[in-house]
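Taken verbatim from TrEMBL:
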type: ACT_SITE; residues: A:Cys86; note: active site, nucleophile
type: ACT_SITE; residues: A:His193; note: active site
type: ACT_SITE; residues: A:Glu195; note: active site
type: DOMAIN; residues: A:18-203; note: domain 'Glutamine amidotransferase'
Amino acid sequence: MSADARIRVDMVKTGVANVASVAAALRRLGADVELTADAARVREGAAVVLPGVGSFGAGMRALRESGLDAVLAERIAENRPTLAVCLGLQLLCQSSEETPGIHGLGVLPIDVQRLRGAPRLPHFGWNAVGLESSAPEPAVGLLEEGDAYFAHTFCLTDADALEAEGWTVARTDEGSTFVSAVERGSVLACQFHPELSGPYGAALLGRWLASARTASAAAAAQGGPTW
Amino acid sequence: MVSARIIPCLDVRDGRVVKGIKFQGLVDSGDPVERAAAYEAQGADELCILDVSATNEGRANAIETVTAVRAVLGIPLTVGGGVRALSDAARLLDAGADKVAVNTAALARPELLREIHDSLGAQCTVLSLDAGRRLDDPTRYEIITHGGTKRTGVDAIEWARQAAEFGIGEILATSWDRDGTGEGYDLELLRELSRAVPVPIIASGGARHAEHMAEAFDAGASAVLAASIFHRGELTVADVKRTLIACGHDLRLTP
């Protein structure tokens, strides 16, 4: 696949997520978007989206029932091009205060908590995404600073534990500081909705698609799977 | 800290944008897709589409309108009007809405709010509440339905409190007394609602200029909705944002 070819994006079909906005945003950027619950495609796809919306428990149940939980965890462990949005980010964690007793995918070694100290919940609206890091040399990657659109009540807070695992972490303040996005390799997971974040979000999705094209072309050149 | 939001609203009937005074005397004023794109370019933080069609045919057109608007729109879209069942809400989300506003049907059957919340999430569930000052006691508010023709006697603040327990994510609070008048939002209504419930309040009805919006934010609104002033081109979203930022309010700046 050449770097400028149209890329197919496989969007994980959980049945509990609203996917129209994400699909529309990616199509505006020239991607071919298809919904799938096929484990092989989610494992090997050139670019995979885990959409958000819904509750932690319902989301995990849907992934378990379709057998997608393991393949998603595998491809993320390999840093393959994967985008997780809102609840999608939370599903990567170990558990959530929203649905106690349900295990998440466990890719991120922390638990999801209720957003503390916010004047109003859910946290709805535009807020600043910041990249100040405690890491000595912040990585240059997909994320940039700017205003993004949020719609959530629960969040990730333990940024240090994520940075220790090699994730670049963006932070946002609303009553308290929480993790607004993480990236590692071609994996991008956002608490905000890039598909609803105007030009800022479109640019971020564009960089993620470009990294997926590059990764896909590199894999093909090495005689790997022809995604 | 989250920014205050400016939300242009398109009242759509049979696929065209209309806006009337006190929900009546509707006048055609444009193509929804063009309007949506223009408002996003002006810096709108979200867009709201209220389907005011009276017929099933009109409602089918509204789904097409949502799909067409979604294809071009890169900001959140709330759609209301005619949501009577969970299936209506799901259809609107499938078409490209991010949130659905539920009005009269929830009043008749509040469990509808819980059903939408449980199935689609709090972030999708908006209570649309049309309130007016009581005729017998203008310090209190009652819910008004049926295009303003029916005073229900239901206490608006109590209803908001009850709905919040059903898991709504936001309240779109329209003042029946102020809608279409240009006299400013009903600030007392906003104060009472924001004290009564923990969820964000969107102020609606009565805006003529940015100062009205500033008052609404000061009264506890997280967002303001306006239709006529933007449709008529009297002000752009960018105009009101510039004024509000100059007054010290925190809004998202757009390039």
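Glycine too: its Cβ is placed from the backbone N, Cα and C atoms.
All protein chains considered, the CB of A:Glu195 (active site) has 30 other CB atoms within 10 Å. Taking only the Cα positions, the spacing between A:His193 (active site) and the residue listed as 'active site, nucleophile' is 6 angstrom. A:His193 (active site) falls outside any helix or strand according to DSSP and counts as coil. Between the CA atoms of A:Glu195 (active site) and the residue listed as 'active site, nucleophile' there is a gap of 11 Å, rounded to the nearest whole number.
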